[in-house]
Amino acid sequence: MTQGKLSVANKAPGTEGQQQANGEKKDAPAVPSAPPSYEEATSGEGLKAGAFPQGPTAVPLHPSWAYVDPSSSSGYEGGFPAGHHELFSTFSWDDQKVRQLFIRKVYTILLVQLLVTLAVVALFTFCDVVKDYVQANPGWYWASYAVFFATYLTLACCSGPRRHFPWNLILLTIFTLSMAYLTGMLSSYYNTTSVLLCLGITALVCLSVTIFSFQTKFDFTSCHGVLFVLLMTLFFSGLLLAILLPFQYVPWLHAVYAVLGAGVFTLFLAFDTQLLMGNRRHSLSPEEYIFGALNIYLDIIYIFTFFLQLFGTNRE
């Protein structure tokens, strides 16, 4: 009876008469009863059987591919921790940023090393007083060579001093100064035009090799065996020249040695450059910025010295 009153009350005026005139007859819609209170719902009392139909299965808020059934085995124990999804979605981008920062750090250190070496070479080349002094005192050359060798072994073989600040920068500074002295003394025996010419050739070659190493798809880091064989060939060729030099100077043999040395260290420059990139077979850790700068610096210095032996003219 109550439902009939509610049904009549909810109709618009004149609707009932129009339906009777047309001979239509409709059943009044059933109005659901009020929902149970919280106490009744939790205690199970006051509910009549069949009063409320069973609701449909809850639909997950995420799509089916993103939904994980807690009762199923996902293959990972304990599931993903909080923030793990964000780590995977940004890992490659963060790794690329770290690699770019590493490359900038290496080339910043390398630029400082090359500027210091260039200043020492210019001092030993243009200043006659300094040039005469270093040539008259070869003991400083051998002392610098000993310091260079000791610091190079320390930085190349000991990861502790190489990775810990400030010892890594202190050792690298000593290494750079000793190598700059050796390069400057070698340059003092050649005329100014030869030194400037070799500096320009070295700059062009190193810049071209660096750009090529970054752009090419060829992986130089996978050719370390070939580079080792070439390095051993260069070593034994230099040993042979050292044995023959006191007896007789062979110009063509010395020229072949200089060409071989410049070619080998040009390949090593490409190899060490690609070690910085991180998308090759072998790559340096971002912690090894000192080691990366050390290798490329040595490659450039050796290329310059071999060009100096090949194109340089001795002072009169």
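Just so you know, glycine gets a Cβ as well, placed from its N, Cα and C.
Per Swiss-Prot, the features are as follows:
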REGION    1-49  region 'Disordered'
TRANSMEM  106-126  transmembrane segment
TRANSMEM  138-158  transmembrane segment
TRANSMEM  165-185  transmembrane segment
CARBOHYD  Asn191  N-linked glycosylation site
TRANSMEM  194-214  transmembrane segment
TRANSMEM  225-245  transmembrane segment
TRANSMEM  251-271  transmembrane segment
TRANSMEM  290-310  transmembrane segment
Would you say the transmembrane segment (165-185) and the transmembrane segment (106-126) are in contact under the rule of three or more C-beta pairs closer than 8 Å, pairs 6 or more apart in sequence?
yes
Before we move on, state whether the transmembrane segment (290-310) and the transmembrane segment (225-245) share at least 3 Cβ pairs under 8 Å, counting only pairs 6 or more apart in sequence.
no
Please check if the transmembrane segment (194-214) comes into contact with the transmembrane segment (138-158), where contact means 3 or more CB pairs closer than 8 Å and the residues in each pair are separated by 6 or more positions.
no
Find the member of 138-158, 225-245, 251-271 that has more C-beta pairs under 8 Å to the transmembrane segment (165-185) than any other listed stretch.
138-158
Just to be sure I understand the packing, how many Cβ atoms besides its own are within 10 Å of the Cβ of Asn191 (N-linked glycosylation site)?
15
